[in-house]
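As written in TrEMBL, here are the features:
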- CYS27, CYS208, HIS233, GLU237: Zn(2+) binding site (BINDING)
- LYS268: ATP binding site (BINDING)
- 309-361: coiled coil (COILED)
- 14-311: domain 'tRNA synthetases class I catalytic' (DOMAIN)
- 29-39: motif ''HIGH' region' (MOTIF)
- 265-269: motif ''KMSKS' region' (MOTIF)
Amino acid sequence: MELFNTLSKKKEKFNPIDGKTVSMYTCGPTVYNYVHIGNLRTFIFYDILKRAFELEGYTVQHVMNLTDVDDKTIKGSQETGTSLEDYTTVYTNYFMEDLKRLNIKDNIKFPKATENIDEMQSIINELLKKGYAYEADDGIYYDVSKFNDYGKLSGMTVNGKYSRIKNDDYDKENAADFALWKYWTENDGKVYWEGKLKKGRPGWHIECSAMSLKYLGKTIDVHCGAVDLIFPHHENEIAQSEAYTGQKFVNYWVHAEHLLVNGQKMSKSLGNFYTLNDLVQQGFNPLSFRLMVLDSHYRNRLDFTFDSLKKYEKLLKKIDLSIKSLEKTEKYEGNNNNARVQQIQDQVNKLLENFKAAVNNDLDTHSALVAFFSLLDLCDSTAEKGSIDNLEYKLLKDAVDKMNGFLGVYVEYEIPKDVEELAEKREEFRKQKNFVEADELRERINGKGYYIADLPRGFVITKNYVE
Ligand code: AMP
Ligand code: ZN
């Protein structure tokens, strides 16, 4: 498998440290508000990267932190008069719900920053002892000029000009000393920790270093985020972690490009964002957004429009129909060696090969989707015959499951009993050539949020998709 490593700026062959498990740390959300679909593009990318490792046969230890203490969460909790914990729990729960709706696998450990303060304090003390950190009036800072390798990820160099930054909103153009620990001020209210350091709270960067070290070890295989995190966040994580352990922090840095709206990065501060709920309220299936994300390469910017989302609803409907039609065909015990089965086997194998090669080529998910849709076309042409050999069916179904096991764009769902019954009744009317009544029932089913497709062998019901 080949992956583009931001550290070397080239595609590299991927080899995990121990040959079989992948330790993967992905920067998670700041839980001060709803996440927007720009953030979610990045979280889908994490999911896909993990599934690619799993497809290769690796076991993945996936950690995604929750930033539940920083300038924004404190401000939000104060404005709403709730405790920091109550405030961030609300948004954490919404976030988890979004992940579920996007079929993001839940084999993830989600540590919270506030649960790992002790570890952060230990690292900061050690950095002070080693001379990489110093105390100022308002907190403890990392001295970027002390770390020789500063800039190795982002190319940003220390220009000697003295500057120091306390806020969690960082200067993206210049290297500066950054806060490891911020001494308490009245603005922080009840949010502070004591213990090994003077009353205060952590800076943002130290949170990720501490959690990556604690949950995955000194040197890990993969660390991810979107490109805006390369500098200063990830550069600072390297500086802190490598100064602390004396070892390489991360072997592969993998970054995803942004989701844009009208050419601009989708962001809360610009106000040009949509949440997943905004899409759902307009009738879109969350998985059509997942499909949209997969259709572009993670290292390309992706411009979001509702028109293009509609295109993915159509494709989602096609996937749904093809899979259901295949399942609906009548299967018979056939002559296992016949030429047809062999032919299907060859076609399926070729598609699986293309699929795997695409995934392993730095996550070429667009080409992987091309292979998937060719497979669905093959399913359609086979299903059109009405009845197929059991073996033919199994070959096709296994390949669909295998590809979808990576793509995650089709999730089985229940059709309510009453909708099933109406559909059966409609079929009766159709057989009696009573099309007026049949159409009426189709409308009723539609009103309940479902769609009936008539196939050579009876009907298939799907959810409604946006047309
Ligand atoms: P935040 O909650 O702001 O810390 O962001 C969570 C994750 O979403 C980080 O990895 C960000 O880099 C990423 N992110 C923020 N905005 C976008 C965007 N417009 N497109 C893609 N990823 C983004
Ligand atoms: Zn981080």
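A Cβ is built for glycine as well, from the same backbone N, Cα and C atoms used for every other residue.
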When the number of other CB atoms within 10 A of each residue's CB is tallied over all shown chains, which of the binding-site residues HIS233, LYS268 has the maximum?
-> HIS233
The residue listed as 'ATP binding site' versus HIS233 (Zn(2+) binding site) - Cα distance in angstrom | 18
Cα proximity to the residue listed as 'ATP binding site', best match among binding-site residues CYS27, CYS208, GLU237 = CYS27
Confidence summary for the motif ''HIGH' region' (29-39), mean pLDDT rounded | 97
CB neighbours of GLU237 (Zn(2+) binding site) within 10 A?
-> 27
Work out the three-state DSSP category of GLU237 (Zn(2+) binding site).
-> helix
For the motif ''KMSKS' region' (265-269), give the DSSP counts of helix residues, strand residues and coil residues.
-> 0 helix, 1 strand, 4 coil
For the Zn(2+) site given as CYS27, CYS208, HIS233, GLU237, which other residues of the same chain have their Cβ within 8 Å of the site's Cβ centre?
-> TRP204, HIS205, GLU207, SER209, HIS223, GLY225, LEU229, HIS234, ASN236
